[in-house]
Amino acid sequence: MASFKPTKIPLYPKLGEKVTQDTLYWKNYKAPVQIKEFGAISSIDFSPVAPHNFAVTAFTRIHIYGPFSQEPVKSFTRFKDTAYCGRFRSDGKLLVAGCEDSVVRLFDVDGKVALRMFKGHTKAVHVTDFTSDSYQILTGSDDYTCRLWDIANANELNRYKEHTDYIRCGVTSKLNRDLFITGSYDHTLKLFDARADKSVMTMDHGQPVESLLLYPSEGLLVSAGGRHVKVWDLLKGGQPLVSLKNHHKTVTSLCLSSNGQRLLSASLDRHVKVYNTTNYKVVHNFDYAASILSLALAPDDESIVVGMTNSILSIKHRKSPEESKEVSGQQRRRPSYRVFVKGKNHAPKQGDYLVSKPVKQYLAKYDKQLKQFNVSKALDTALETWTRLRKPEITVAVIKELDRRGTLKNALAGRDEQGLSRLLNFFVGNVVDPRFAPVLVTAAEMILDVYRQIIGQSPVVDRQLLRLQDLLEREIDYQQDLLEVLGMLDTMFASSLPRMAVPCPGTSRANGLAQGEAGTLRPQLQAT
C-alpha cells in the first residue's frame, strides 16, 4: 500500500520591501541601547555645541548623557516635584527647566545648584525655552499664561493670558528674539511679538496641541495634536498647507533631520514616522516597545533618542562605514560535524556504503484528518484563526486537495451559522486574490449552490453570501473587460509591426510551385 502523501503547500512569490535611499539611510543604525530612568521621559534636548550631550527630563530629575555614555555625566535633582522641559541655551552652558511646583529653575551645566529661580506662575510649568539673544526665557504654564523673563535679574518682562486651557508646548524664533509661538489644550496656536500687548496671529489646530516645531527658515510651522500633524505657512497669515493623519493615537513629539528634508513624528501608538518634507509622504517607520513621549535627533542624525512611558530611554547610534560593510555580508554558517571531521571537499570512494536512516514522516493536523477521511474536520482545521489570517495558502491548499479528491462539496456542507460565517469570511477576503482565485472561485460556486436554500434564516450569513456573490460578479466583469482590452492591444500591436515575408527556399512567390515545374507547365498550357 502506498504511503500517504501530505498536502503540498505551494510557495507563492512574496513582495520584498521596496528599498529606497530613505530605507538605507534610516535603517543604518545599530541595535538600540536601553537605559532605565526613574519615571516617564517627558523631554529630550541635545546641546547645540560639541560633544552634543543631551538632557533627559524624567520624573524629578534631569540627567545629561554623553553621546556614547550609558551612565549620566551630570544630574540635576534639586526639584521638589516632577520636572519638565529641560532645554539647553545656544552656547550649551545653561539649562532651564520647569516644574510641577510652578517654579522655573536655571542651571549652570557645570554646577549643581540653580543659578536663578523664576517665581510667578501658579501652576505647573511645562514649557521653557531661551530666546535667540540668550538673555531671556520663555515659559508656559497650566495657569493659562505664557511669560518672558529676564535672566540677569529674574524679573518678569511680559505676561500673556490669551489661552483658555493648559499651555503644553512652545517654541521661540531663532532669527528674532521678540517672536515666539505657544500651543495649548484649547486647540489653538498663537504667535506673539514681545513688542505687542497681544498675540499677532492665531491658528486653530482642532485638537489639544502637544508639540510645535519651526522650520529653520521659520516660514513654516508644524503642530502636533490628537492624531494629526499639521503644517502652517506663517508667511501667508497662518494658512494651513497640509494635514497628516498617519498615526492612530496621539502624536506627542516632533523633530527635523539635520538637513531639514525629513520630518519625524512620535506617537503613543509606539511608532516614529519619517516624512519627506517635499510631498509629506511617509518614507520610513520605526517601531518601539511602548508609547513614546519624547523624541530627539542628534546633529548630523548620528543618534535617535526616544523616551517612553515605561521609563525606558532608547538610543540608536548610526553605524560606521566599516560596521555597515560587516553587516551587509551575512555571517557564514558554521560547518556541520560531518563536514568538520571529513573536510568540506570530501568525496565518497567507490567501496563506501551509505547507511541511511528511515526518515519519520510528521503530518500536520489537517493531513492526519485527511488520512482518516475526516474531510469536514480537515477543512475546519485549515480555517482556524491563525492559519487563515497568517497562512491563507495552507487553507487554499487544503480546499484544492479536497476538490481533487471530489469531497469538497461534502466538506462545505452541513455547517452551523458560526462555522459557515467563518468560512464565508475567508472567501470574501481572498476570493479576488490572483493567487487563490482559480481554486476559490470554484469552491465559492459550490457554497452558493449548497446554501442557497437557507437564505433568510440568518442576517449575518445573508450579508456574507450577498457580498460573496457581488465579488464574484464583479470579478467576472473585470475579467471580461481585461479580455476586451487584451484583444484591442493585440490588434494594435499587430497593425504597428511591419509585415515580414518569409519565402521558402526553391519556391516561387507567385504560385508556390518550384521554378523548374513552372517552366515545364507553361508550354503545355500554351499548346492546349
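Just so it is clear, glycine is given a Cβ too, placed from its N, Cα and C backbone atoms.
Just so it is clear, the model here is predicted, and its values are computed rather than measured.
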Region 'Disordered' according to TrEMBL, located in which of 67-87, 235-255, 340-360, 508-528: 508-528
Same-chain residues at least 6 beyond the ends of the repeat 'WD' (118-159) whose Cβ lies under 8 Å from its Cβ atoms: 82, 84-87, 89-91, 94, 96-106, 165-178, 180, 182, 184, 192, 194
Tally of DSSP helical, extended and coil residues in the repeat 'WD' (244-285): 0 helix, 23 strand, 19 coil
